[in-house]
Amino acid sequence: MCTHTGHSAAPSLSGLIDAEPCHFWLPLMPNEPTDVLPPTSFNVPFGTRPGIAALGERFFTRLSPTPLPSPYLVSVAPAAAALLGWNETDLQDAVKDPAFIDSFVGNAVPDWADPLATVYSGHQFGVWAGQLGDGRAIRLAEAQTPGGPWEIQLKGGGLTPYSRMADGRAVLRSSIREYLCSEAMYALGVPTTRALSIIGSDAPVRRETIETSAVVTRLAPSFIRFGHFEHFAAREDHASLRQLADFVIDNFYPACRNAANPYQALLRDVSLLTADMVAHWQAVGFCHGVMNTDNMSILGLTIDYGPFGFLDAFDANHICNHSDQQGRYAYSQQPQVAFWNLHCLAQALLPLWRDANAADPEAEKAAAVEAAREALDPFRDRYAEAFFRHYRAKLGLRSEQEQDETLMTNLFRVLHENRVDYTSFWRNLSRVSSLDNSHDAAVRDLFLDRAAWDAWAAEYRARLQSEQSDDAARTTAMLATNPKYVLRNHMAETAIRAARDKDFSEVDRLMAVLSKPFDEQPEAESYAKLPPDWASGLEVSCSS
């Protein structure tokens, strides 16, 4: 969800904890189903389990998706389908069955499905926004597979009781971007939700202009967000809040159950996974664009691909979201924003270890706040450890040395000053020699100030020589760490323009290339080139 409602500085934990409870939610809608869709018998290679439906109807509304006229398959992702048990041969047979399209666009409800929309709230651009969703995402079912549970969700599946003033739809443009980036991020090794398919329709929807509709089928072990906890905390519904936390602990963080304070342990573990995720974003040059608390996964997964972007020319303060005029979610701000969002989660969870009958309420409150601080304290160290681990690997360094932070700081400075293409830099750096500048040309040519490269390269070579780096082994390791292919905005735009004319070949071509981002792929060399001049004029925003 992406709504620009303002901007605020990150408060301290005590500031959040001490704030008055928020009461700006919309009332829950009556839990009544929409018109019942025709059932369909569509065989799938997985069983199902209740998942979040076991919590009861305070957490969701059962409903049917809203059908789309004349749906058509845009693309299906074999790697994501494999999570549900389809091999490539069976998948090709499955997509030929009209029931596949009907099931995953929302035109019929399979006999194994239990569609519902969950309720959550959250902070958007630093401001409490009240109840937010699910406004257009409908959980179709929760698959039970040998690899664990996979929640199957239709994004763009139609109106829900939580749609507010929106239409419940997603457009083809944004659906292609989310579909491709979900699978690209997985291939890069970044924790992420997955994407099974896109199904389109010529049904018109109004955004800045009239566009056509699409539904992305998304997969994740769970789509529970920070905002789910914020919703019940804001309503002071502590029983439901505890029930939700227990569900998450029992299903995803079972080790927390053995802690003296399981809910504090949950907060700590979520913060650690969030730190890992954001450090990985920084390393691959990914900018999320709209890190609202309702877009933060309780499992530390990248979720809700909207106005995202990968860095082209390196700018530490890059803003990928045209709607983010003040740069709250700029590339350099992502770690701090993640920490701010964790403070919001801490505030939501705090009632779970408060004692309403304490003899000394002030002392009890201080102790509860301190427990929250203790849970969040490891975030900074965990983020720093993950950050330096990723960048040492990107630099081909096998050991930790005291000067590494200075080496990296100097590198980021010259990359920023020269607006060096981020992905191309790291890929070409993988092949430089530790002994001389004989293999420097490809990376040196990326710099406007060649002397700046020469100075930093001398520093880098000295560092490599200090650990007697073997160039061949180092190059192999760096090429497996520094991708050749990422989903640049102009690549997605090219696929979108073709798809508007019902040519989906570029979507499938990109999916194939991005599924092997570290491989050379000579036939895909054009996707590794610097962005064309027209790409600088592309803007992405919250419109989806």
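Cβ atoms here come from the backbone N, Cα and C positions, even for glycine.
Over in Swiss-Prot, the protein carries these features:
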| type | residues | note |
| --- | --- | --- |
| ACT_SITE | Asp294 | active site, proton acceptor |
| BINDING | Gly133, Gly135, Arg136, Lys155, Asp167, Gly168, Arg218, Arg225, Asp304 | ATP binding site |
| BINDING | Asn295, Asp304 | Mg(2+) binding site |
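In this view, Asp304 (ATP binding site) is surrounded by 25 other Cβ atoms within 10 Å of its Cβ, with every protein chain counted. Among the residues the record lists as binding ATP, namely Gly133, Gly135, Arg136, Lys155, Asp167, Gly168, Arg218, Arg225, Asp304, the two farthest apart have Cα atoms separated by 22 Å. Least crowded of the binding-site residues (Arg136, Asp167, Arg218), judged by neighbouring Cβ atoms within 10 Å of its own Cβ: Asp167.
If you measure from the Cα atom of Asn295 (Mg(2+) binding site) to that of Asp304 (ATP binding site), you get 6 Å. Rounded to a whole number, the C-alpha distance linking Asp304 (ATP binding site) with Asp294 (active site, proton acceptor) is 9 angstrom. Taking Gly133, Arg136, Asp167, Arg218 as the binding-site residues under consideration, the smallest Cα distance to the residue listed as 'active site, proton acceptor' is found for Gly133.
Within 10 Å of the C-beta of Gly133 (ATP binding site) we count 24 further C-beta atoms, all protein chains included. In the three-state DSSP classification, Asn295 (Mg(2+) binding site) falls within a helix.
In this view, Asp294 (active site, proton acceptor) is surrounded by 28 other Cβ atoms within 10 Å of its Cβ, with every protein chain counted. In the shown protein chains, 24 other C-beta atoms lie within 10 A of the C-beta of Asn295 (Mg(2+) binding site).
DSSP assigns Gly133 (ATP binding site) to a strand segment in the three-state reduction.
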